[in-house]
Amino acid sequence: MRVRFTKMQGAGNDFVVFDATREPFSLTPDQMRRLGDRRFGVGCDQILVVEPSTSDADFGYRIFNNTGDEVEHCGNGARCFVRYVVDAGLTNKRRVVVDTMNRRLHLQLQDDGRVTVDMGAPVFEHAALPFDASGLTPRLENGFEFWPVLSAPEPASARQAPQGGQEGSGAARRLLEGVEVGVVSMGNPHAVQRVPDVNTAPVETLGPRIEANAHFPRKVNAGFMQILARDRIALRVFERDAGETLACGTGACAAVVVGIRAGWLDAAVEVQTRGGLLRIEWAGGQSPVLMTGPAARVFDGEIDL
Ligand SMILES: N[C@H](CCC[C@H](N)C(=O)O)C(=O)O
């Protein structure tokens, strides 16, 4: 099947974008895996789909990791989304409302080409914890809970869909190398830890052990945050399904709200990622997280899948 697509990137997090406003999106997980392969396909971290709205929003917004798994949110992708629909003439607005599978986003294309996204409010309630917290005791820092991550099988088996409770099945429930994470949902799950230096943080080794840890039966995005100042952090994220990406928009939001809740950060923070700068603002409580950053088209193409 020949498909037309647009390759885009937001702070180096890269995407293949499909316009499904005229005909439904129909790629299978196998086709999406091939599309996302950087040797045998186009290569991307996620696949973004522009759909007609089924509500009073302007569009529907679907996200698939390059494994073909559909997920709840992609922040860098949201910035590319509005760039795409404006450039493709699918709207004459520069402020667009879109619905993902579990939240509404407001996207604003600025005159300087950057995009500001109202990402909605973070969710911290226990009910939103993407893991079984029973029997665990969080450490409190400024009233915010940091949860222990338990040891889990080595990454080789970790890539399989983890069988819940493996570490609880008779094996000692040990803390994973002293890792404690701030857990927050931006629609998708994030486990954020503070590190002294992102450049020496064990992202490649610890990232997959947190991502696919049986502790997180839906898996999780693992953030590694270095506090540079009360208004500046450096961040690396081992993304669920995609591995380490050059930037993670929802991860930047998650890290900043954890840092603010822990008392380490002020309400407006510059996030230095390996792919570029993001600006995150959050006034606390149920207020929305605002993310501002770049969004760029790389090329249009066709591929037989
Ligand atoms: N890997 C993420 C989805 C993409 C998030 C990231 N690319 C962003 O910009 O928010 C997940 O499985 O929740």
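Yeah, the Cβs are placed from backbone N, Cα and C, and that goes for glycine too.
Any TrEMBL annotation is an automated prediction that lacks curation.
According to TrEMBL, N13, Q46, N65, G75, N76, N188, E239, R240, G249, T250 bind substrate; the candidate from N92, N213, N221 that the record adds to this site is N221. Taking only the Cα positions, the spacing between T250 (substrate binding site) and C74 (active site, proton donor) is 6 angstrom.
As a whole number, the greatest separation of Cα atoms within the substrate-binding residue list N13, Q46, N65, G75, N76, N188, N221, E239, R240, G249, T250 is 16 Å. Counting other C-beta atoms within 10 Å of each candidate's C-beta, the binding-site residues N13, N65, N76, N221, T250 are led by N76.
Under a cutoff of 8 A between CB atoms, and with a sequence separation of 6+ in the same chain, the neighbours of C74 (active site, proton donor) are N13, F15, Q46, L48, I63, N188, G249, T250. Of all the binding-site residues listed here (N65, N76, N221, R240), N76 has the Cα closest to the Cα of C248 (active site, proton acceptor).
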